[in-house]
Amino acid sequence: MSVADRPRFPEGFWWGAATSAFQVEGAAAEGGRSPSIWDAFVRRPGAVADGATAETACDHYHRYAEDVALMAELGLSAYRFSTAWTRVQPGGSGPANPEGLDFYERLTDALLERGIAPVLTLFHWDLPQELQERGGWLERDTAYRFAEYAGLVADRLADRVDMWITLNEPFVHMIYGYAWGIHAPGLPLVYGALPAAHHQLLAHGLAVAELRARGVRSVAITNNCSPAWPASREPADLAAADAYDRLHNRLFTDPVLLGEYPDLSAFDSIELPVQDGDLKVISAPLDGLGLNYYRPTLVAAPSPGAGLPFDLPEMTGHPITAFGWPIVPDGLRELLELFHHRYGGALPPLYVTENGASFPDVVADDGTVPDPSRIDFLDGHVRAVAAAIDAGVDVRGYFAWSLLDNFEWAEGYTQRFGLVHVDFETQRRTPKDSFHWYRDLIAAQRGA
Ligand code: GBH
């Protein structure tokens, strides 16, 4: 963007980038780490594109110093990463593994030395496999195990991490992992997935208490949200969009901010294993709400016998990413304003904790990685955040997904989201054009 029409952001706004442990670390059998549900899932024939695993991924476990140097070159004010439960507390119970905590301490200190605020997510989908064998998030006990793990991380890092995020996208983990079975743990339970919603939320609330007990001041949860666009103004489409909105945007937010579940009576058989007092735990006050935004969702009335109160037709008329996701920057402004109006005084400051796009990036002969589509994507979405701020929404940070090309779950290494290109044969990192674009944007904003 040119200097003249550059949007203005508030003083202290966080310019960030994000990754997650399983997607970048590798070193799967080192440092006392135990297998997670994703280590098990990638071995299922056909589960992941090209049969890829994350045994090495970006080898960030060994190369974190080089990666922090890249962050410093970008001028990031904050870096969002996740800790692997399997490193900190192998198997998901028992004492902490000091070697696992040592790694996150080295990473945290390297960030602080560069003036980059560490933003730590405790759970980005990599549950210890042992806990899955006892039912995973279908079991209430997993919530208590998670709180214990949160305490172990905080025992080591409470004094140094600027912001703590309990869970990443519990909605996606529940739907992809437990309802459809296309992510780990690979269970196609449909409505049977719903206990995984309540137990993740309970885990969040119990973890908040453990963090507070250790003096943590800033705690958030990150939800993946998407404006639900009715296919028409017909009442049936409007009702379908409302049902989808409750499931995708409210199920994991209303309990946290309002202390109650949304009305889900449009669904056949949603049963949540709520016990007395749970919603009080779940609605412990927060200091931020993280929103991951990728696209809006088009919603239509269900076809007969669909089993769900909505259909999700393809969205047409927008440019698309390599994943096929429509590119709609203004949907981010809409989402931020929706939350601002919906939750009013109950809404803590918002952080866009992920936003980005995959494109088929390649290193050119001259050593550059031209990715003009990603620059357009990021530019449009950053402007959408500015527009929301102008409209009165309290947004405090923006994190590009992702710092590095990485292990994109069921898509393996076939979808590249990074500001930095990674050659997965050599582990060579090459900043893309979008990296330089983001660096210049940050420099202009932070210097402004
Ligand atoms: C995030 O999930 C994850 O937190 C992160 O680990 C991941 O790498 C990143 O996004 C990129 O995928 O209707 O087929 O167009 C994002 C969850 C779920 C968001 C699917 C976009 C669109 C699906 N995504 N959704 S589709």
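For all residues, glycine too, the Cβ spot is worked out from N, Cα and C.
Going through Asn168, Asn249 against TrEMBL, the one listed in the substrate site together with Gln23, His124, Tyr294, Trp401, Glu408, Trp409 turns out to be Asn168. Taking a C-beta cut-off of under 8 Å and a sequence gap of six or more, Glu408 (substrate binding site) has these contacts in its own chain: Gln23, Ser358, Thr414, Gln415, Arg416, Phe417. Take the CB of Glu354 (active site, nucleophile) and look out to 10 A: across all protein chains shown you find 26 other CB atoms.
Neighbours of Trp401 (substrate binding site), defined as other CB atoms within 10 A of its CB across all chains, total 24. Within 8 Å of the centroid of the Cβ atoms of Gln23, His124, Asn168, Tyr294, Trp401, Glu408, Trp409, where the record puts substrate, the same chain has further Cβ atoms from Ser20, Glu169, Glu354, Ser402, Asn406, Phe417. Every protein chain considered, the tally of other Cβ atoms within 10 Å of the Cβ of Trp409 (substrate binding site) stands at 23. Farthest C-alpha pair in the substrate-binding residues Gln23, His124, Asn168, Tyr294, Trp401, Glu408, Trp409: 18 Å apart. The binding-site residues listed here (His124, Tyr294, Trp401, Trp409) include His124 as those with a Cα within 10 A of the Cα of Glu169 (active site, proton donor).
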